[in-house]
Every structure is written in structure tokens, then in C-alpha cells.
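Per Swiss-Prot, the features are:
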ACT_SITE  His37  active site, proton donor
BINDING   30-37, 150-153, Val179, 187-190  ATP binding site
BINDING   Gln61, Gln156  (R)-pantoate binding site
BINDING   Gln61  beta-alanine binding site
Amino acid sequence: METFTSIDAMRAWCREKSRGGNTIGLVPTMGALHEGHLSLVHAAKKDCDHCVTSIFVNPTQFAANEDLDQYPRPIEDDLAMLRDAGVEAVFMPTADEMYPGGPQTHATSVHPSAVAFPLEGVHRPEHFVGVATVVMKLFQAAPSDRAFFGRKDLQQLCVIEHMVRDLNLPIEIVPCDIVREPDGLAMSSRNRYLSDDQRQRALCISKSLNQVEQAFLEGNHDPKQLESIMADHLSPCDSVDYAVVVDRQTLLPISEITQNAVALVAVRVGVTRLIDNRELIVA
């Protein structure tokens, strides 16, 4: 497995590997890897001839009051996991490599479509500008045929899909299913922040989504009633940023589920912010 910190070297590797029509799959991460990330790697290896993973904790997607400095960076463990998974190349740039002159002086950015405005966009106003910008940069640094993203960060997935569509980027976005712990908690790098008590309380998130999905499958297509069901099950959380049922494509509120929708949750358990979702597919 090769590791690169230089954009030029990473780009050259991708160009060399793509000769003869070979395909490259990119798995962008911020490190602190778990089985959810590895599921993306496995999908990339299955679908493409070559697989490259990036590890970069992007400073521009963290607000001043968020956990950039505390974000876990177990780089040796991450590299061992990727090596065992059969990744061929890992791109690990510094912030200076990605943002010459520093992130604070970086004047050019990607402003995403309206799908970024609700939900996370309300609670983390600059977050998706940072996400869209760094993903665009990663697409340039590691030119690939497909990029693999998890559905757990569903709004992020929508933002990136819209960016690729609207800017005619020559890359296919491949959504991959949420990977869960045996007890139902969605895998997240932030789960390691939870105490044993908080970990148990966090199980209410997936349980609330299970209840919403069950009610939907039994014929309840009223978003407000489904949101009430979610709220009733989220009381073990310390706070709830949102627990909503919205249109799957626009992420905007709806009065009735007549086409595919999604239930999305963002909560805090202790000081740890956790998100999850469940798609509600109209038969």
C-alpha cells in the first residue's frame, strides 16, 4: 500500500493506474475508521480496478465551537485497517497542502445547492460549504471514476450528488448503506466519545427510526404523526436538534408522503452529536 501527502504525486498515481481503461474508486474519509468506512472500501474494490482512500480532517467544515481539535486521529490504526482491507493507495495531505496559505485565507469555495440549507444547514451554517469545497478538491487531487459515500450522512450525500450534477463533474457517486452495530446504533467515529451510559441511551435513535418505519409500513403516511412517534422515543437524549420526515430529494417538509421520504434525526447525547436516518420508500 502506497501513501501520498502530495497532490501532484497522488494525481500522478491515479493517472498511471487509469491507463488502459482501468477504473479507480475513491473513498474519502476523515480517518478514525470503523466497519462503516471499510464497507465503502469493499464496495470500491468490488466495483473498480483500483481503490484509493483519503484521510483528511478538513478544518473548513468545523465551526469554531465544534470538535476539530478533539477529533480522533488514530492514523497508525487507520493505515493498518486499510492495508488489511487491500487498499492500494492512501492520500493523507496536510492542511497546507489542501489549502495553500491556510484555510482562513482560502478565498475560493464551492457554495452548494439549496439542499444544503435545511437541517444541518440551520444548525451548522458553514458546514456544507466546507464539505463541498474539500470534496471538490479531493476529486481534483485523486481523479477517480467513482466515489463512495455512506447514506448515514444523507444530507452530505445529497449535497455532493447535486454538486456533481450541477458542475458536470466526470465522476459517479455511489451511495452505500448505513452500517450498524449489532444493537442498532449507526457506526460513527464519534461513538468513541460516548460513556457506557451514553452509549446505552443513544440506542433510542435507531429505535425511534424503527418505530417510524414500522408505522409507515402499516400505512401511516402523515409526516407530523411520524415525527411525533420519533420525538416520543428520543427522550433519553440530552437534546434534539431535529427529528423530521421530509421529501427524499429536496429534504424539505411535506404534508403527506406521496413519494419517497426520509426520517432524519440529529441529537446530542452528553456533548456528542449523533445523526441517523431511515428512508421511507413508497411502494
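Note: Cβ is positioned from N, Cα and C throughout, glycine not excepted.
Mapped onto this structure are the features recorded in Swiss-Prot.
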| residue | record | Cβ neighbours (10 Å) |
| --- | --- | --- |
| Met30 | ATP binding site | 18 |
| Leu33 | ATP binding site | 26 |
| Gly36 | ATP binding site | 20 |
| His37 | active site, proton donor | 27 |
| Gln61 | (R)-pantoate binding site | 21 |
| Arg151 | ATP binding site | 17 |
| Gln156 | (R)-pantoate binding site | 22 |
| Val179 | ATP binding site | 18 |
| Ser189 | ATP binding site | 17 |
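With respect to Ser189 (ATP binding site), the closest of these recorded positions in Cα terms is His37, chosen from His37, Gln61, Gln156. In the three-state DSSP classification, Leu33 (ATP binding site) falls within coil.
In the three-state DSSP assignment, the secondary structure recorded for Val179 (ATP binding site) is coil.
Under the three-state DSSP scheme, Arg151 (ATP binding site) falls in the coil class.
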